[in-house]
């Protein structure tokens, strides 16, 4: 099924592998690039959001710090004014008191003054030599006389104050706190430096960050640059208006807390001294305090969004590098692959054009290298086929030339035949004349021969005739009849023996055929098992190779794990050391917490004492109030008395006493109110102190618990370090073991490959053995069929011989003296071995001579009286063993040594072997010199090699008879075997 989307791809791309490869890598690169850009964008947005939150938190922290600083100053002034000495009205005592507490105040303190509220003159104080507050540019001088409070600490607006010597050339940005004392006639004024507050800015140490604090009018009252007070007046930024060019201040007024990103330059105020803050873009965080002061934290984009920019640049760089690597990798890989394919295509085209010598080789070991090898194998196979075709064509041409020569020879033979025909015609004429002369003699001879043909072998031809050839025919015919009488009698006897032997051979052949079939089935099973073993070995080889690859991966992973474990051990050691340092720090924190807790407890006790003092003051105020009431009563009595007495002096005294009583009452009430306020403040401070004590107790408990946890962590780190170190040693050992296993697995893969090759060879050999067994079974079946045929022919032969009448005695003919005429000579010739030795060797076979041939490598010779069936069985077993010797085997013995005669094969074996040859046996009937193995016989009664050897190339072990009578019987049997074989071949 073809993908329909291929129609959307242009054909010029589909025709080029390089373009396909390039398009794929282009799409891959664009995909990775897009993913990288999206990821980078998301990361940048998250980092920017985090940076904005950090600026917002920074502004909030600065605002809280400023509120705490102002509240700290307020509480410090209130606590100082609550001292009883401040209401004494004694400048010396107040001065001593101020001298005592001044140096315990924060470093931002500028002065502590005791002034007269009505005139503003400085009565006493520390930190300034000015005579009055006007010399210090104090902005609330008028409020001291009009709206001074003895219970509430008031704060001035930030202002510039000349230096403590009263000089106007230098000025410091300050804020002052004042509160009434001594019944409002005096006031305590404390001044704090705003420029020194810069050192306490949380963000003062951040580079690229400017912190400004604006009052409700948008003027700079504090910053992290000392307000320019460390330079000349031109750099002083105090009370400069903040130019809200980018809407930062407006955003701060709309919401209490937030942050924003500004694209553009900041205000002129920030660009000038002392800030020099002039980036192209920045991030601003803002927070509005409870006093309506606005804290602005400005940070350049490089600092605030530096990580975001770095992450963006790094993401873009990684994306670009990834796309570039993919492009380079795709270009190199695609170029190499396309070049290899183009080269392979060119070589294939050259082979297609007939350049078969073109080398198709490559150093690559991948699929393309395999394709090179396959095409080269195909080229070699094609060259071999072409060479075979050329050879076949050459042979065909040679055959055609030979056929032409044969046709020419046939023409010549036809011409010679015509000449011979003419000669034959002339000879026919001559023969016709001779026939007329011989016709009479032939008629007589025909009658005698007809009688002999009817079975009467006692008739003889008359050799007395005028024709010498006819006389020779008569003599020869008579001799033939004599021989035929002997032969018929011998054949008749032998036919019975052959029938019995054939039955035995048939039975043994049947058994051997059954055995061969069993062996064939076993060999087939062995072949199947060998094939299964081969398939399993291939499967095992694949599994072992997979295991080898997995073990190599495990070895690589073990190496990586070993490195990781080693790094973990080092980091565990660092963690243990850090935990030890952390334990020390936690112990120090615990000690400081305990000391702070003790101080707060002391403060709580002091507050309790102050509360008791306040109770005393309240009681005194109540008593004073009662005294004032009594004074008022006394004043009323005095007024009444003066009215009744009309005494003006007493009236003035009563009025004066009433005024004093009223003032005392008012003072008592104010004192009571102040005592109540002080008591309320003390209650608040005590509540906060109690909460602080509880919090400190909880913090101390947490610190103790944290210390224990850290100590446990340190102990755990120590244990982890020991365990990680031990694990590292184990991992190193595992890494070494996996390397050894990987090497052993490679050896195992090699051995499995060798076993697979052996199993392949075993399967091939088993197939060859199965084929040989099947051939043997077929041969045995053929032998069995031939034995059946031979048995039937022997019966037919017996029936045929029964028709003959002879004068010869039925006993065996004695041929031991060798005087049997031409018949004996023919018998000796036909039964001699098929060697190149002369027929004279047969004369050595005299009666009584015992002949024996012993093969030095063969089995023990059989005795002469051993049956033909044993010899046949031994020969068949040799045939089943696959050890048949070829006729051209130079090592097989063909002749006996000089002076010895070779034992002749039995008649039955000769007849059977002749039948096998006649039925298409694959054995050659010639000996080493190429002559016919039958040595004058008809070629059907000799053995396979006709040299007296079995099928395995070794000579027969049959021995001659032990005496002359046995030798004669052997000769007779041989003679009869030849005649039976001739008869069998004729019938066949």
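Heads up, the Cβ atoms here are built off N, Cα and C, so glycines get one too.
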Annotated stretch (region 'Disordered', per TrEMBL) among the listed ranges 335-386, 387-438, 439-490, 491-542: 387-438
Integer average pLDDT (0 to 100) for the domain 'HAMP' (335-387): 77
Composition by DSSP (helix, strand, coil) of residues within the domain 'HAMP' (335-387): 39 helix, 0 strand, 14 coil
For the domain 'HAMP' (447-489), residues assigned helix / strand / coil by DSSP: 29 helix, 1 strand, 13 coil
